[in-house]
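*Asks:* Quick one: the structure is below, and I'll ask about it shortly.
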Amino acid sequence: MPKTLPLVLTKPPLHPTLAAQNLFLSLVLVQLARPEPSPRATTISQTYNLARLLQTNTTKLLNTYVSLSAQGSPFSDPGFSALGLRWAGVPVATLPFLAWRTMGDMERLARNYGAYATFDAFLQLVRDDQDELCPNCSELLAMLGTARAQTRGLLANLTYIMAAMGIPTPPATDPLTSEAASVGAFEKKCRGYVVCREYHGWVDRTVRDFTLLKAKYPA
Amino acid sequence: MWDNPSLRCLLAIAFLHLLSLIYSQETGKSTPGNWKCITHDLNRMICSWDATSSANRGLTYKICQFRAAAIKTPVSAVAGNDFECMLFFLVSFQALIPLTPQILNLSADFSTYTLYLTWNDSGSVFQHELDASCTILSRSGFNVFPINYDSKLTGKDSILFWNWTSDIPLECTSYYVKIRCYINELYFTGRKEWSEWSPVRTVPEKDTKPNSVMVFPQDKVVLVGSNVTFCCLYNEGKSVKFMKYGSESYPLLRLSKWSSAIKVQNVSASVPSGTNVWCSLVPDDVEGTVLFVGYAPDTPQNLNCETRTFITITCSWNPGRPTALYSKRRTKYILFERISRENVTCKVEELNKKHACDFPVHANQKIYNFTLSASNPLGQAESSLLIDVNQRVHLETPDKFTVSTNSSTHAHLSWYIPGNFIKIRLLCQIEISNSNSERQLQNVSMAGAENSNYRAWVDALHPYGTYTFRVRCSASEYFWKWSKWSEGKKLTTLEAPPARGPDIWRQRSPVGETVTVFWKPLLLSEANGIILSHEVVCYLRERMLKAHEVPVPLNSTEIKLGGNDCLISVIAKNRAGSSPPSRITSVDLPSDNVKTELAIATGNGIYISWHSDPNVTCGYTLKWCISSGSEPCNVDWEMFPSNAIDAVIKSALFQPGVRYNFSLYGCKHNGYQLLQNITGYMKELPPKVAPNFTVEETSSDSILVKWEDIPVEDCQGFLKGYILYFAKGEKGSSKTSFMEEGSPELTVKNITDLTKKSLRILGLQGKTSYRLDLRAYTVGGIGPSKDLYVVTKENSVGLIIAILIPVAVAVVLGVVTSILCYQKREWIKETFYPDIPNPENSKALQFQKNICEGNTALKTLEMNPCTPNSVEVVETRSTVLKIEDTEIISPVADSELPEDGSETGTGSHVVVSYCPPIIEEEISSPPIDEPVGSSQVIYIDIQSMYQPQVNPEEEPEINFVTTAGYKPQMQLPINAMKMESHSPTEEDLDKIAGYRPQANTNVWKLNSPDSPVSIQSNNENGSFGSPCSINSRQFLIPPKDYEDSPTPNNTGWSFTHFFQNKPND
């Protein structure tokens, strides 16, 4: 599985800071490709670091997404928070604490994998939507592209860890149909918002997940 | 008109109707109730009546058809009782009611908010044309919209159309449509009634109760400034909190139970992602839509089509006003060519704003008629252009540009232009820039080719010249535009032999044994390469004596003549060859009486003129030498034709203020002859230094000043004279120049005689300091100054005279006086020094008498000088008073005078000064009230002026201070006048009062019986200052005290009593 990791680096850097992040990502992945005496623990640690990096990026992504120039009001209104806004198929990270805390490693990793596999598709969908809605929003488009590349990197790490732990990788599914692209512009904006928001939530959850896993499997 | 069967029929009906009314009344039987006949087509009548009455049960109704009635069909029978038959004439057409119209279709175009309705007019039921009118009733939500529609029935069934555009989206509410019609038959006398309403049709077909919240219109694109209505559909039971367009709330319009709307007017351009319109519902739901607001495309501006390669024609344009619409709503451009009827969809790169489109060139087509159409969801615009492709050739930038040469004057150029130009000729322009940035253009016309290299060559280049070449091309026959310049290529041509021999000169040594040959380096344009060496050859009668090869950079060589003159030849050589020789003879013709003349400075050159010499046949040579520092000077020269008589010599080496010497040689047939020496400046400057001058001689009224010449190198010009300034002035008083001071006594002397080296300045004052200032000047100005200060000598004769005259006068006066005195000695003696003085005759006493008029006590006046005495107090009470005649004691000593007993016992002594008169004669008559023992003594009543202000017992220390010491005499009268008041404030006045005697007179008067009393003692301050107060000197101490005194004292007035009386206080 690790040999598939460099695939995520094929996307050219679109922004100077993003390029630096990609460089960091590549270093992480190159590190993954090297044989380690305790590959699982090392990868967990590196995945944790990657998730921390994503945590910063997703905050920026969400802020950029809701800017006035990108989506306009009400998304750009101060304090905008449509908590009730949902989109079918977008993974939601919220979980009761005990349920999350007592979750087994297998389930924890599988849920992470499933969420990011879905986000991989949704991020591409949102990028396409924004390319059509806001072709001038080059920064947002670049961030969405980077987010997807980093998601793929995270998925590769998860795959590696699950394989190391003997957990079967869920079969690859495409959660979206082509009809997803034929919704109205407002719905696209809402969908993009939900995707960015839940992606941010899921990265937070992944950081917490891997904090647990790191403690459980010290390097 | 009356032939019309319908009309006849109608008349008949009217007649029958009248009959039926009459007949029915005669029979007495009641007619059927609610008898009513209607027709839908004016051809068939449908009658109906009420048969429910019991009285009529069993009746058989028979409707008869009259002949008169042309109506064929209205036969209607009702089966009834067979036993009785009654005949009713009930004839009537009561109403014309058209058939109910049938809606064939009701459809909606949601994008344009338009409803389309079609129905059948059923015109075939009428035999003839009729006017019809229909009412279409549509209802949306709470609103009803009745619309009239007039049509004409043609006797055939027709499909009628009606459309209607709503101002709100059709999705916002369902539309219910029904229709009824009316036949407007003028000749029908019955009632004309509307048909029945058609069945209601609904759009959308089902009366929608939305399953979820929806906002309409969805993603609509509208023009800036439009009015747009948005509606929000929601489930029944929910309610709308607000609806916002962007960030602004609008008032809600209730459309139906589940639909509300807002109306936004005059919308402005939206951001690329559109303006959000959203609907917030109770309790918590949000839905929205996006409105894209922009402009219709502007007409493409500056449409320009040209070909670069003859493969495609590229059209470019300026899109004009931005539409504010992007992505799939952006403007799409289509380039259509009318002749070939081909079109091309243009891909516009939004990001780099490049609006261009390529259209293929057709082989046999020259003329192209392009139409560029721009369209977006809001409209379209177009722009057209007709071109001849051969006249619109704008070539690509020449590529692969190379230059080469194998000659000193030619260069070959080659370049590549992509494209097929077989049908046209090309015009190319070659730019040739030399090293001096001089630019030259050369045009080359050539046949076009297909994707080919093009070649050209340029000539007339200079040997060993460095050039930069560029090329650009265009169509030759129809010039449209030049291509861009190709990149520049640099080339240096090959060398060629120098174009000419160098300029040469020669200079023989003073002895004449050698001659030095000079030559000037050739210009770059003449050298045709790099000069490597010069060959100097000496020929004697065509025979080469000696050859010198002199490498660069030397520009001179020395040749030994060996007693023979020769013809010198100089050749410059480079890699390509040798220059033609330059020749000059070494012969110097003797010259005598060579004069030196001055040249004129022109500022940037030196103007030299000379007299024409008829013997000069081969021109003049002007030679000079410019030295720089300690190195030997560089010989330079210039040649002039034989007819020249003057020249302005210019050189970059000439410097202002430097003297240059020129020698003018004339070239005669047998040699060169020195004709004239010239000296001059390029520009004259003021002298660099001041002349060194000294004062040679000074007298009481003149100064002789001498100065030295200024060195030539410091003159910086031809010296014109000196200016001497002089004026009175002390050394160090002022450093500024005379001119700045503007001294009124400034004298200026201009010395223009340069041979004069001294000057005597006359008319000066004796024993006076003068400042001299000498300056030299040239045409260029006045040089710096040098100051000199000199003091003229004293006038001794006058001094001697001034001394001698008063002395002589004094001597003469003395002698005269002596003589007079001698002669009048008897009289003088008698008058001034009689043996026995006679007061009567005493002038002096007479004088005194006048002064002391009224004071009979005074008889004589002794004008003795005041001899100061001292009174030294050794002890106060019991000690002996010691009085010495000595100098006046300082006030400080006086201040130490003790005044109370406590201090007298300290044993300190006090010296009191006073000025006793020397009394040589007793007063003839003492005053009456004078005490015994003191009647013959008159004191100088200086103490009487002392005014005790306070009781010494009360404030002894203060009194000590205030009464001791010197008292100024300025305020004496004031104190004297205030004595009687004796107020405490007078103490302060005392402190600042005038002179005070150094003891307390009050003490004397009150406590000492021996105290001296003035002759005016009743008045305490009466006698001070009186010139008549003193006439005696006497011991102040009584005899018994005197005996107790341990030391005898000299005679005179004493203060001892003061101190003795003190303890008695």
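Start at 1 and count along the chain as shown; that gives each residue its number.
Including glycine, each Cβ sits where the backbone N, Cα and C put it.
Annotations in TrEMBL come from automatic prediction, not curation.
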*Asks:* Of the ranges B:196-215, B:576-595, B:1036-1055, which one does TrEMBL list as region 'Disordered'?
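*Replies:* Per TrEMBL, the stretch marked region 'Disordered' is B:1036-1055.
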*Asks:* Any idea which of B:431-450, B:491-510, B:731-750, B:1011-1030 is down as region 'Disordered' in TrEMBL?
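*Replies:* From TrEMBL, the annotated region 'Disordered' range turns out to be B:1011-1030.
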*Asks:* What is the three-state DSSP composition of the domain 'Fibronectin type-III' (B:397-496), stated as helix, strand and coil residue counts?
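*Replies:* Its residues divide into 0 helix, 58 strand, 42 coil.
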*Asks:* Go ahead and report the DSSP secondary structure tallies for the domain 'Fibronectin type-III' (B:498-592): helix first, then strand, then coil.
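*Replies:* Helix, strand and coil residues of the domain 'Fibronectin type-III' (B:498-592) number 4 helix, 51 strand, 40 coil.
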*Asks:* Restricting to the domain 'Fibronectin type-III' (B:397-496), what is the model's mean pLDDT?
*Replies:* 93
*Asks:* Would you list the DSSP helix, strand and coil counts for the residues of the domain 'Fibronectin type-III' (B:689-796)?
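*Replies:* Split into helix, strand and coil, the domain 'Fibronectin type-III' (B:689-796) gives 9 helix, 48 strand, 51 coil.
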